Amino acid sequence: MTTGSVEETVSVSSRNVEELSDSLKTFGALDYVVFAAMLVCCSAVGLYFGYQDHMKHKRSRRNRRGSIIEVEAIDYLMGGRNMKVFPVAMSLVASFVSGITLLGTSTEIYLYGTQYCYIAIAIILSALIMHFTIIPVFHELQITSTYEYLQRRFDKNVRLFGSIMFSLATILWLPIVIYVPALAFNQTTGINIHIITPLVMSICIFYTSLGGIKAVVWTDVIQMILMYGTLFLIVIKGTMNVGGLSVVIERNAASGRFEAPNFDFDPTVRHTFWTIVIGGTIFWVNTNGLNQNMIQRYMSLKDVRTARKGQMMYVIGVSFMIFLCCFNGLLLFATYHDCDPLTTKLAKAKDQLMPLLVMEILKDIPGLPGLFIAGVFSAALSSLSTGLNSMSCVILEDFCKPFVKREISESMSSLIMRGTVLVIGLLAVGLVYVVQHLGSVLQLSMSIPTACFGPMLGVYVIGFTLPWIGRRATLFAAMFACFSMMCLVFKAQAEIALGNINFETKPLTTEGCTYNFTLTSTLNATDVPHEENHEKHIWNISYLYYAPLGSSIVIITAFLLSFIFGFQDSSTVDSRLLAPFLRKYINSNESRKIQYMDASGKETVIHNFELKEDKNNVT
């Protein structure tokens, strides 16, 4: 095995790639003002809602005692369960559409073509599943943490395991979210990513800890306006620069980037119609229907009807956002169709392509590059604040309250929620050093959290649809599946980082470059194609199949383990814990008892579940 490096300097003009890169870093005073204004605006929203809630709770203390602790927690985490549908819908869009989506999706289309665009089908299918199952169940139960459901359906141990998996996935996801806009900022200003990430995270921690979910939602609305405005600006100006829409279509069609659905059943192909529709649907159900980040917003709305309305707005908003991102990917290629900036090192990382395009087309208009960077950071801040707020909810509701015998004081509750935001935020900044060496952020952001969320989806499927499977079989199956998926995902990411797994890109060329650059190629004996090198392993499967695989392992394993631990009597499961379309088929004595006691005016839901667990030797 031999390895060698060949460098070839390509000369086409007197200007080299470093000089061109420096000339594009024209982030002026007005751009910094626009960017700073966005950060100040977010901080002001946090201060406003923090002050509003403080005065509200101060007045409440004068009028009553005893229940104010719970009121403050509900206000901080759920907005009092009475928020307006439009800002919540916009917050849902902003929470999902991070800088990863804005930059990663465009890069995906530029490098690999339009196959990923069929994700729109998955979005619609996942929305239908949520509409008829998840939203009505969770709203009827009036839960605060998604993982409360697991205690009611199974026991405390399953709830704790689910909370741990969510926490781990969120901690792994947050540094990816902050890293992407830092790359954009570095491309446009030259400022090191490890300088900007602590600064922006500090702002996010500040307004999230002060204002709670209300500050998060309303800053998301402001950030959504910035994001849409930025993308529209790029689409219009960029299309005009290349010569019009017909030129964009013509150049992408000639390169084969417009793709019909690929119906290949091979699970190791990165993107096919089946991986995107099947894997994408399950992934979206997982991340949008069972993720605390998203459910917390649905639960901040007053009833099921309002939550469903918010979900429809969310689907429309996020689909349109992804369409704009995909078009910008086509615009990227139309602009750089004869001079790939990745090959020439004008863009040092894949996810710096969009910032490079922006500086190319907006550099002559002061303030607009700053608006783009503000938009990208707005997307990141919305996702960061969502993750931090959800983590504070999970830590308080799932890790503290169930294990503390006496009531947590008001000051301690506040300290736990705000302390969580601070600690997790600082940890995310530290993990940025790891993320920058792990490869494509779009795939990374959908792979690593899915190692945790995929198996948990299987747990919820059992909870919603299989009342005959009990808590022990489910818990052990989930633990086995999570361990298996983590091994698979981290092995796949390691292979990608080492260059052992590569994905074929669409044609790229440097024939039309008008500047000097050094072409570096590495020759390795292992790169010579041999039949044995085409052997595929389990870690070669598409990252979109991680969620279906993880959930399938849980369901199958839990079913098999039920032959050992015993099947559960379905009549002991409260029918409200099941998917609405199954309730009429389940004879649930427990649900009849709870409904009778509820009608008498007693608060007995949690108590009855504890009785059920004692009766079945669960606790």
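Heads up, the Cβ atoms here are built off N, Cα and C, so glycines get one too.
TrEMBL annotations:
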TRANSMEM  32-51  transmembrane segment
TRANSMEM  118-139  transmembrane segment
TRANSMEM  160-185  transmembrane segment
TRANSMEM  191-213  transmembrane segment
TRANSMEM  225-249  transmembrane segment
TRANSMEM  269-291  transmembrane segment
TRANSMEM  312-336  transmembrane segment
TRANSMEM  371-395  transmembrane segment
TRANSMEM  415-435  transmembrane segment
TRANSMEM  441-463  transmembrane segment
TRANSMEM  475-494  transmembrane segment
TRANSMEM  543-567  transmembrane segment
If you count Cβ pairs under 8 Å, which stretch among 160-185, 191-213, 269-291 touches the transmembrane segment (543-567) the most? 269-291
Counting Cβ pairs under 8 Å that are 6 or more apart in sequence, does the total for the transmembrane segment (371-395) and the transmembrane segment (312-336) reach three or more? no
Contact set of the transmembrane segment (32-51) with the rest of its chain, CB cutoff 8 A exclusive, min separation 6+ beyond the ends, reads 200, 203-204, 206-212, 214-215, 218-219, 222-223, 226, 367, 370-371, 373-374, 377-378, 381
Same-chain residues at least 6 beyond the ends of the transmembrane segment (269-291) whose Cβ lies under 8 Å from its Cβ atoms: 92, 96, 112, 115-116, 118-119, 121-123, 125-126, 129-130, 134-135, 146, 166, 261-263, 446, 449-450, 453-454, 456-457, 460, 503, 542-548, 551
Please figure out which one of 118-139, 160-185, 225-249, 312-336 racks up the most CB pairs under 8 Å against the transmembrane segment (415-435). 160-185
When counting C-beta pairs under 8 angstroms to the transmembrane segment (312-336), the leading stretch of 118-139, 160-185, 191-213, 225-249 is 225-249
Per the Cβ under 8 Å criterion, with at least 6 residues separating them from its ends, the transmembrane segment (225-249) contacts 38, 94, 97, 102, 258, 321, 324-325, 327-328, 330-331, 334-335, 357-358, 360-362, 368, 371-372, 374-376, 378-379
With Cβ-Cβ distances below 8 Å as the criterion, list the same-chain residues six or more beyond the ends of the transmembrane segment (160-185) that contact it, or say none. 98-100, 103-104, 145-147, 150, 191, 193-194, 196-197, 200-201, 291-293, 349, 351-352, 354-355, 372-373, 376-377, 379-380, 383-384, 387-388, 390-391, 394-395, 398-399, 402, 424-425, 427-432, 434-436, 441, 444-445, 448-449, 451-453, 455-456, 459, 475, 478-479, 482
